[in-house]
Amino acid sequence: MNELAVVLPGLNLKNPIMPASGCFGFGYEYSNFYDLSELGAVIMKAATGTARLGNPTPRVAETASGMLNAIGLQNPGVNHIIEQEVPFLAEYDTSIIANIAGSTIEEYEMVAEAFNDTEHVHALELNISCPNVKEGGIQFGTDPQMAAKVTERVKRVSKLPIYVKLSPNVTDIVAMAKAVEAAGADGLSMINTLTGMQIHLPSRRPLIANKTGGLSGPAIKPIAIRMIYEVKQHVDLPIIGMGGICNAEDVLEFLLAGADAVAVGTANFSNPLVCKEIIADLPDVLKRNGLSSVQEAIGKAVFI
Amino acid sequence: MNELAVVLPGLNLKNPIMPASGCFGFGYEYSNFYDLSELGAVIMKAATGTARLGNPTPRVAETASGMLNAIGLQNPGVNHIIEQEVPFLAEYDTSIIANIAGSTIEEYEMVAEAFNDTEHVHALELNISCPNVKEGGIQFGTDPQMAAKVTERVKRVSKLPIYVKLSPNVTDIVAMAKAVEAAGADGLSMINTLTGMQIHLPSRRPLIANKTGGLSGPAIKPIAIRMIYEVKQHVDLPIIGMGGICNAEDVLEFLLAGADAVAVGTANFSNPLVCKEIIADLPDVLKRNGLSSVQEAIGKAVFI
Amino acid sequence: MKKEKLTIIATKQIAKATFEMKLENIHISENAVPGQFLHILMEGHTLGRPISIADIDKQNHIVTILFKVVGSGTKRLAEYRVGQQIDALGPSGNGFPSEQNEKKTVLLIGGGIGVPPMYYLGKQLAEQNVNVIAILGFQTAENVFYEEKFNQVAETYIVTDDGSYGEEGFVTDLLDQVGNFDCYYTCGPLPMIKAITDKLIGKRGYISLEERMGCGVGACLACMIPANNQSGYKKICSDGPVFSAEEVII
Amino acid sequence: MKKEKLTIIATKQIAKATFEMKLENIHISENAVPGQFLHILMEGHTLGRPISIADIDKQNHIVTILFKVVGSGTKRLAEYRVGQQIDALGPSGNGFPSEQNEKKTVLLIGGGIGVPPMYYLGKQLAEQNVNVIAILGFQTAENVFYEEKFNQVAETYIVTDDGSYGEEGFVTDLLDQVGNFDCYYTCGPLPMIKAITDKLIGKRGYISLEERMGCGVGACLACMIPANNQSGYKKICSDGPVFSAEEVII
Ligand SMILES: Cc1cc2nc3c(=O)[nH]c(=O)nc-3n(C[C@H](O)[C@H](O)[C@H](O)COP(=O)(O)OP(=O)(O)OC[C@H]3O[C@@H](n4cnc5c(N)ncnc54)[C@H](O)[C@@H]3O)c2cc1C
Ligand SMILES: Cc1cc2nc3c(=O)[nH]c(=O)nc-3n(C[C@H](O)[C@H](O)[C@H](O)COP(=O)(O)OP(=O)(O)OC[C@H]3O[C@@H](n4cnc5c(N)ncnc54)[C@H](O)[C@@H]3O)c2cc1C
Ligand SMILES: Cc1cc2nc3c(=O)[nH]c(=O)nc-3n(C[C@H](O)[C@H](O)[C@H](O)COP(=O)(O)O)c2cc1C
Ligand SMILES: Cc1cc2nc3c(=O)[nH]c(=O)nc-3n(C[C@H](O)[C@H](O)[C@H](O)COP(=O)(O)O)c2cc1C
Ligand code: FES
Ligand code: FES
């Protein structure tokens, strides 16, 4: 058996590595660097009901061991994605996860339904945690009842497994996870970015035009690990873990903390080949740490 | 006039720089590196009613651009601090702020009262945000009602101005700030550490013996800046800002975001002379950015 | 575009806080066209630093970049020494279109650290028998660089904000004085580019734009510029950095 | 203790993943005693790295350290080259007490990367006319270092876990075989130290302890060890790293 394989609802992954939503577009650009069939899965950029232009620029800023972004869910709309973007990715031997967002529950439902008939999309990642849009997004992600409601409603209309993407900007992450578990989520995806800000000294103003942005990268890894560890103790759902992963050791840390698979976001910007390199390194990192498979590593630090 | 001077409740600071609580002990060790009279103020290590031994070791771990700590409020108890530690600091021409903590509201009251008769302590920092103790600490810091209650009770017994130290581990930092403002706080101190974890791969266990620890250092600076900026818009209290400050540019970023003074924690570990160096660099950094004083910089990015 | 290792074979300061670095790399030297950039990836820096290709020596596989130290990344870059290697994505983006300009007159307008890509372009145009005029704007005398090199390929005018070197004023002040030209190419700060496109409206022109970048390859949507096309935007890193003056909204 | 800049004057690999680095610095070379350490501060690393002083050449102001690459900090340290400077706090902590040991026999027991401080101590004891015996434990043959240097100052026994060099087994296996001694000094992994103090209970002994450090100066309370004193603890960075075998609870 393949020591890297993981089976999750809707996802038969040859390895647990996937690029994170928003950090890989729809795969096209990175296909110039390596064969996307090497990836366990690809999580696409967020899809909304209709096209969105996103926020004004500057949209990104570098921070210590991380970055801020406020792209603002720019995307060409769900129909365009299904028609123009999914077919390209479908050519590769990898699973496809669609990240869906909206300003209203109805928009979430509409986007989720649109993916019902695209055989190439294997699961949905329900983005209730985007900090960069005025409406929708994060308000669903910081209130357990709202999170449960949108999960339940999307679950009702969708034929695909739903991974709810949790926001770390909350007092009680376990309460959020329990709420969406009760509402029928098939899995969790965590964490999205932490809301942050940088002041540009010369202009004395927030550097990001949207003022705040989402903090990602190695800086947030300890927070991601803590939240996954906590949630794993209380919730039975599989977890796609993310937040600052840069190498195969980081992947193992997430697996031990309770992630069943992982997504790599910001690190693609520091090295476009990072996912491929992590996949290549992972078997050896497992072995050096006395583990024979990814499956064996999952949750090892939690259940002892 | 001294361009670095700031006047805050109880504090007549010759400059806005002070070492953060827990990162400078009671000053003794760092007095070997420079004259503590150069500092605007010193915030002492947390004081509790009686001596505490803290958590088992390891208590610290390095993270990307930051660190985790779980000291666990180890301290010799408030009476010992007043008798043995304050007199040493009182020899220097600097303000002294006592950081107070407890497991119960009664303990907070008792510690606060104990400082009433020490003329050398100029203000209290009410630590309702320590993530590293089982009882007290963070539960007061994540619930606005609890925070208000402890603030009010301490305010009632203390003769000193109270700066309430807020935890960033909350969904709504503005709600916390408003609650303690309404309860009579004289100022805010923010932010304390974010709860995080690191897994030690060889042992497959959380590296910190306490499992979780508080994340500090440059990694968290964007979160601190965002929270201060948000709170400054809604609350009138002066703010002592902290979280990742390493140099005079960082100080200016905090001032522009709305801090009235700043504390430097983790950076003392990377460079024991950092506070002295920041104070020396600050006038030039202000000037290069077209500002004539600290006072002029405060909140400039917020109110435009 | 590939991820490449480039070996530093020379590095020196050529003006105030401004450095010239010569890098050896086969793939980039063989494929780069004027206006393209390197997206430089440095350890300890999450994001790449886009730096224009200022010159190429195809025969010796040498790529020249010129950069100004403005923050932590360029500061670090200035500390690298001969023999060390840097990682970069390149050649990145789309350069200036190579049109049939023979015997025509082309105006190059560069401002500050927008001057570097103009040099490689001017050199190539001169080789193609184009009549090249260059207006180069700098803050003060101590910021001026590459004047002699430009003199060899173009009729060159220097302006400084304070008149401490060349003419006093902005590059736009000279637009009327340099005579007729068929087409212009410009790179520099946005206000300069805007002033130029406003003044030269109707003229065929190409502008090179800057924006803070995330991925540098077109995937993250950090570097948008509103455009007159169907989607309403273009990506500076992959659709640009060079655009025709009419195609984007600045 | 001060914050000092030390200039690297030599650096080389001396065993598997183990490096010897010679550093020039007046303050530290003049003041350090055996058992003290440098708290090395490196850019890009929030916390200092405590590394024992393995030897001092007072005349030439040279401080020698020996370190094993185990993580990011020691990896970075191994990459430094001759001529570069490193920042460190030092000399840090309290070293082995200099007692009146003349004509007596002292046993040094070092395990792995706990061997380095034993060398400077052994050298100094030998100069004071003390009869020195050393038991040095390593994992395997390829980890062994400084055997010859120890031979010059002590009657030296090497043990390896797998017997690939010297005797097979642990340092504790040799305690009965080395003859009588008046006092012992040890540094190495905690289980080794614990086994030694258990076995040598009642003997006068000094142990050097390790713990993850924050400040390295005694201010942050990261590096506690329970102790038989009034406060119930000692700080390894400033009260230690050397303690008498009875004063702390391990
Ligand atoms: C297509 C293109 C070509 C460029 N060519 C050159 C050149 O040839 N020579 C040169 O000196 N500079 C050039 N620049 C500007 C250069 O990219 C920035 O000066 C540099 O990234 C600053 O990095 P830093 O770490 O020193 O500054 P910091 O301010 O510390 O950088 C922080 C972040 O902001 C980004 N950033 C800061 N300023 C700019 C800027 N002006 N444009 C884009 N991103 C920025 C950085 O890339 C980084 O991600 C070019 C920019 C673009 C977009
Ligand atoms: C008093 C003292 C003297 C020492 N003398 C030596 C010596 O002479 N030679 C030598 O090779 N090593 C010595 N060590 C151990 C050395 O400090 C660690 O191996 C080193 O800090 C590891 O750093 P790293 O970045 O490579 O590892 P990482 O694991 O990446 O370090 C992460 C963090 O953990 C800390 N850490 C990791 N391992 C240890 C450890 N064993 N002890 C204390 N902190 C640790 C680091 O300082 C850093 O803060 C000594 C430790 C102490 C406390
Ligand atoms: C530029 C950028 C764009 C992002 N866009 C999305 C998005 O559209 N939907 C989403 O759920 N998360 C988005 N994220 C969050 C990431 O998917 C991921 O959760 C987060 O960045 C943490 O992982 P990392 O530290 O590996 O980047 C984005 C992150 C970045 C940096
Ligand atoms: C080792 C350590 C100990 C700390 N102890 C305390 C404490 O006793 N009381 C408190 O209010 N904050 C404590 N803090 C939090 C700091 O005062 C500060 O709020 C936080 O570290 C963020 O600032 P920094 O990034 O500059 O370190 C401690 C932080 C560290 C790193
Ligand atoms: S920088 Fe990512 S799309 Fe241009
Ligand atoms: S490391 Fe801070 S007290 Fe020892």
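Each Cβ is built from the backbone N, Cα and C atoms, and glycine gets one as well.
Database features (TrEMBL):
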DOMAIN    D:1-98  domain 'FAD-binding FR-type'
BINDING   D:Arg49, D:Pro50, D:Ile51, D:Ser52, D:Gly73, D:Thr74  FAD binding site
BINDING   D:Cys215, D:Cys220, D:Cys223, D:Cys237  [2Fe-2S] cluster binding site
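Feature annotations (TrEMBL) mapped to structure.
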residue: D:Arg49; record: FAD binding site; Cβ contacts under 8 Å, 6 or more apart: D:His39, D:Ile40, D:Met42, D:Gly73, D:Thr74, D:Leu77
residue: D:Pro50; record: FAD binding site; Cβ contacts under 8 Å, 6 or more apart: D:Phe37, D:Leu38, D:His39, D:Ile40, D:Ser92, D:Glu210, D:Met213, D:Gly216, D:Cys237, D:Pro241
residue: D:Ile51; record: FAD binding site; Cβ contacts under 8 Å, 6 or more apart: D:Phe37, D:Leu38, D:Ile40, D:Ile65, D:Phe67
residue: D:Ser52; record: FAD binding site; Cβ contacts under 8 Å, 6 or more apart: D:Gly35, D:Gln36, D:Phe37, D:Leu38, D:Ile65, D:Leu66, D:Pro116, D:Pro117, D:Cys187, D:Ser208
residue: D:Cys215; record: [2Fe-2S] cluster binding site; Cβ contacts under 8 Å, 6 or more apart: D:Ala222, D:Cys237
residue: D:Cys220; record: [2Fe-2S] cluster binding site; Cβ contacts under 8 Å, 6 or more apart: D:Gly214
residue: D:Cys223; record: [2Fe-2S] cluster binding site; Cβ contacts under 8 Å, 6 or more apart: D:Glu211, D:Arg212, D:Met213, D:Gly214, D:Lys235, D:Ile236, D:Cys237
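In the three-state DSSP scheme, D:Pro50 (FAD binding site) is classed as strand. Taken in sequence order, the binding-site residues D:Arg49, D:Ile51, D:Cys220 that lie near ligand 6, meaning a CB under 6 Å from one of its atoms, are D:Cys220. The [2Fe-2S] cluster site, placed at the center of the C-beta atoms of D:Cys215, D:Cys220, D:Cys223, D:Cys237, has further neighbours from the same chain whose C-beta lies within 8 angstroms: D:Met213, D:Gly214, D:Gly216, D:Val217, D:Gly218, D:Ala219, D:Leu221, D:Ala222, D:Lys235, D:Ile236, D:Ser238. Contact with chain B, taken as any Cβ pair under 8 Å, is found for the binding-site residues D:Cys215, D:Cys220, D:Cys223 out of D:Thr74, D:Cys215, D:Cys220, D:Cys223. Counting every protein chain shown, 20 other Cβ atoms lie within 10 Å of the Cβ of D:Thr74 (FAD binding site). Proximity of the binding-site residues D:Ser52, D:Cys215, D:Cys220, D:Cys223, D:Cys237 to ligand 2, judged by a Cβ distance under 6 angstroms to any of its atoms, singles out D:Ser52 in sequence order. Fewest other C-beta atoms within 10 Å: among the binding-site residues D:Gly73, D:Cys237, that description fits D:Gly73. Apart from D:Arg49, D:Pro50, D:Ile51, D:Ser52, D:Gly73, D:Thr74, the residues listed for FAD, the same chain places the Cβ atoms of D:Phe37, D:Leu38, D:Ile40, D:Gly48, D:Ile65, D:Phe67, D:Leu77 within 8 Å of the centroid of those Cβ atoms. DSSP gives D:Thr74 (FAD binding site) a helix state.
Close to ligand 4, meaning a Cβ under 6 Å from one of its atoms, are these of the binding-site residues D:Pro50, D:Ser52, D:Gly73, D:Cys220: D:Cys220.
Confidence annotation: the domain 'FAD-binding FR-type' (D:1-98) carries a mean pLDDT of 96 in the model.
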